[in-house]
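K.L.:
Annotations for this protein, taken from Swiss-Prot, read as follows:
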DOMAIN    157-216  domain 'CBS 2'
BINDING   Ser305, Asp340, Gly341, Gly342, Gly363, Ser364, Tyr387, Arg388, Gly389, Met390, Gly391, Glu417  IMP binding site
ACT_SITE  Cys307  active site, thioimidate intermediate
ACT_SITE  Arg403  active site, proton acceptor
REGION    468-488  region 'Disordered'
COMPBIAS  475-488  compositional bias 'Polar residues'
Amino acid sequence: MWESKFAKESLTFDDVLLIPAQSDILPKDVDLSVQLSDKAKLNIPVISAGMDTVTESKMAIAMARQGGLGVIHKNMGVEEQADEVQKVKRSENGVISNPFFLTPEESVYEAEALMGKYRISGVPIVDNKEDRNLVGILTNRDLRFIEDFSIKIVDVMTQENLITAPVNTTLEEAEKILQKHKIEKLPLVKDGRLEGLITIKDIEKVIEFPNAAKDEHGRLLVAAAIGISKDTDIRAQKLVEAGVDVLVIDTAHGHSKGVIDQVKHIKKTYPEITLVAGNVATAEATKDLFEAGADIVKVGIGPGSICTTRVVAGVGVPQITAIYDCATEARKHGKAIIADGGIKFSGDIIKALAAGGHAVMLGSLLAGTEESPGATEIFQGRQYKVYRGMGSLGAMEKGSNDRYFQEDKAPKKFVPEGIEGRTAYKGALQDTIYQLMGGVRAGMGYTGSHDLRELREEAQFTRMGPAGLAESHPHNIQITKESPNYSF
């Protein structure tokens, strides 16, 4: 042990390049899909980080529509986080099998509150909550000129000439019915009982976002972060009840007894849920988490742009080596890893995937998009969004202190492992994802990789020094026009 103390040399993204290879594939034809687990297939290998300035329901919806996955952060109350998950699951459905409904005796105020909370434009009305026989429908059109919201729904709902369809109606058949009758919602009934709902918006979204990552019921995929704190059991329970697809046990040091015990407990309690555990940086840690029951291991100790773990605690492994070491172990188990942190350009994404990652987790590259929950600021005439590490003082005071095993400390005693800052505003997420995946596609074309599995197994690296890195970036020129996929 003593003799091997300095034996290991590690590499990160700026130390390596992929070697071009003979290719018979064009970038537009490569396959970017990845099967992370039995129940979680993504159409692009990108996951938005579970950080309080990166991912809430708005980001998670946008990520899933692009084919990726969003992790709802846990710096909020249990019920609030479950609501965020439910917003994602209800944002898009092929067929809504358990639609919201109200009864005629409830108030218009209650209908308005429900429709506003879940951003829906109408709700079916049933005779009672047990029999659920359809008796009407209430839409924004019915509420347009209502001034007294205390009146009962029965006084304003549409009751006559209701258009319905049987439960086995396909989306194609539903679209024709909706267009014929110029309506937006089609209740599905069996013997008069409400059994489902199809909306024109859901049909339009299927057409607009054909690459969306969905579950077996046609709903968008969503993940949520949990920790190892006192509220973890109830938090996990509420998230599962809300329909979460992936639970992420998110800690700064995944190779610890508390995390391993939590993995065993969560997997035993919810065996049907895809379970991610991390963060780690070694093969040994990866092995222990997989043996404890994790489906996926998240890799990265301190590489993030807002993380100070490596300088505060002096601990970490440069990210390319960490990914490769953990992926080498993951191959023995037939399971996946997520490369989390340190990614600055699209070229770093493909390096992470070629080194063994099945997907990457992004924070800083997405924090500036419209869909992130970070506050918008104007600084020196430019627009920015707030971005902070979950180990920053602000994030720890809000609830992420358990991630760094400081749950029992008073705020004045916190030892932060992250900073708070701002990142340039980038506009819509889909534009950023388009550029990032364009770079990945280009890299796969250069390496002759038809899909991500081939990239992982066949791509080769060359090491480079500081001169090679300098040569890789634009040099001997003053940049006068900013590129959408390069800033330095």
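Cβ coordinates come from backbone N, Cα and C, glycine included.
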K.L.:
Expressed to the nearest Å, what is the distance separating Gly341 (IMP binding site) and the residue listed as 'active site, thioimidate intermediate' at their Cα atoms?
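P.N.:
Approximately 9 Å lies between the Cα of Gly341 (IMP binding site) and that of the residue listed as 'active site, thioimidate intermediate'.
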K.L.:
Take the C-alpha atoms of Tyr387 (IMP binding site) and Cys307 (active site, thioimidate intermediate) and report the distance between them in angstrom, rounded.
P.N.:
11
K.L.:
Under 8 Å Cβ-Cβ from Ser305 (IMP binding site), six or more apart in the same chain: what's there?
P.N.:
Gly342, Lys344, Gly363, Ser364
K.L.:
Which ones in the same chain are close to Gly389 (IMP binding site), with CB under 8 Å and 6+ residues apart in sequence?
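P.N.:
In sequence order, Met51, Gly304, Ile306, Cys307, Thr308, Ala395, Glu417, Gly418, Ile419, Glu420 meet the Cβ cut-off.
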K.L.:
For the domain 'CBS 2' (157-216), what's the mean pLDDT in this predicted model?
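P.N.:
So the average pLDDT across the domain 'CBS 2' (157-216) works out to 90.
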K.L.:
How far apart, in angstrom, are the most distant Cα atoms among the IMP-binding residues Ser305, Asp340, Gly341, Gly342, Gly363, Ser364, Tyr387, Arg388, Gly389, Met390, Gly391, Glu417?
P.N.:
16
K.L.:
Across the domain 'CBS 2' (157-216), what are the DSSP residue counts per state (helix, strand, coil)?
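P.N.:
Across the domain 'CBS 2' (157-216), DSSP assigns the residues as follows: 20 helix, 17 strand, 23 coil.
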K.L.:
Based on DSSP, tally up the residues of the region 'Disordered' (468-488) by helix, strand and coil.
P.N.:
5 helix, 2 strand, 14 coil
K.L.:
Specify the secondary structure state of Gly363 (IMP binding site) as given by DSSP, simplified to three classes.
P.N.:
coil
